[in-house]
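Database features, via Swiss-Prot:
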BINDING   ARG40, ARG46  NADP(+) binding site
BINDING   ARG138, ALA139, SER140, GLN259, ALA260, GLY303, LYS318, PRO319, ILE320, SER321, THR322, ARG344  FMN binding site
REGION    275-308  region 'Disordered'
COMPBIAS  275-284  compositional bias 'Basic and acidic residues'
Amino acid sequence: MLRWITAGESHGRALVALVDGMVAGVEVTSTEIADQLARRRLGYGRGARMAFERDAVTVLSGIRHGSTLGGPIAIEIGNTEWPKWEAVMAADPLDPAAAAELENSARNAPLTRPRPGHADYAGMLKYGFDDARPVLERASARETAARVAAGTVARAFLRQALGVEVLSHVVSIGASAPYDGPPPQPEDLLAIDASPVRAFDGQAEKSMIAEIEAAKKDGDTLGGVVEVVALGLPVGLGSFTSGENRLDSQLAAAVMGIQAIKGVEIGDGFETARRRGSRAHDEMYPGTDGVVRSTNRAGGLEGGMTNGQPLRVRAAMKPISTVPKALATVDLATGDEAVAIHQRSDVCAVPAAAVVVETMVALVLARVTLEKFGGDSLAETRRNIEAYQRSVADREAPAARARAIRG
């Protein structure tokens, strides 16, 4: 079974991603990982950190000469600002002189005014911390860089095993008019990444930028909605047999686990709930090579399984909780009214969030693909996929042949 985990703190020495269960023979390089990490840094409205943050990628294990080995894959993303934070984030106790110097450092000042909407408050109480630093270091969205690194391996596997492409775009930011056109195709990805807000429509882009400019002027932050599309998936990934095996639930759990994501929908999602049944589902018709559909309201999933249509997943991101116009809070050191701590932050990170949602969708799809088709090498997995696809085609073919004979 494909598994992944990340480790590291926002200002620590490095982030680490560990991927276990990937087959041998998948071609992926550190350059590809770095390219995906660069996409995560894209977006109008990002903060000052993006100007100097660099993701120094080192593959520690599991890949040799650009090909996976079948063992655990470990990827390190170094923190180029580590020298500034080494004393604050040191793993071992400091010597008395260094500890005394750190005592007077602004970087080490206790953070006792939790930010509404962040993990600070509950984390401090749950783990018994007097300072929010241990909470925010791990809760920070900086951790998603490690997920993107892991997801790069999953994307490479999906492309090489199934020909699947996973891409995303921003649907709306703040109160901007949402994009309501057809989903993008792989050939559109370069243009989307070239957009400062990763929009798939020029008018939508202008509306989103205007929202960001207004929020920046007001000292505020913005959320938004992103959509991920996966193209080329076969019928039958996932299962109807139990709740945890339904692909819907797996995707929703993975995407909701991203920092600041507060809602997930598959296909037309909540809009479907407002329709009558006759207008909510995707009717099927006989085609030359099997079943065809005129709509994709279900977003490629029915009964917890892929149905051969493009997968569409949307995620809603809340506004960033580190608000320049600081919100009211309580100083947990004194119990007094206070304003929340404020560190440098983005006005809007929705374009970057779209890339992270891509990552989590790719990881889940790679996992269910390996659960379905197995194999120790990419070649073996491909053989299993090809045999399954022939079987599916054969099940549809008799009906198609019968229609041809009748015609």
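The first residue you see is number 1, and the count goes up from there.
Just so you know, glycine gets a Cβ as well, placed from its N, Cα and C.
Remote same-chain partners of the compositional bias 'Basic and acidic residues' (275-284), defined as residues 6 or more beyond its termini with a Cβ less than 8 Å from a stretch Cβ, comprise 268, 291-298, 309. Highest Cβ count within 10 Å among the binding-site residues ALA260, ILE320: ILE320. ARG138 (FMN binding site) falls within a helix when secondary structure is assigned with DSSP.
Among the binding-site residues SER140, THR322, the residue whose Cβ has the fewest other Cβ atoms within 10 Å is SER140.
Fewest other C-beta atoms within 10 angstroms, among the binding-site residues ARG40, LYS318, are seen around LYS318. Cα separation, SER140 (FMN binding site) to ARG40 (NADP(+) binding site), rounded: 14 Å. Cβ neighbour count for ARG138 (FMN binding site): 16 (other Cβ atoms within 10 Å of its Cβ, all protein chains included). Across the structure, ARG138 (FMN binding site) and ARG40 (NADP(+) binding site) place their CA atoms 18 angstrom apart.
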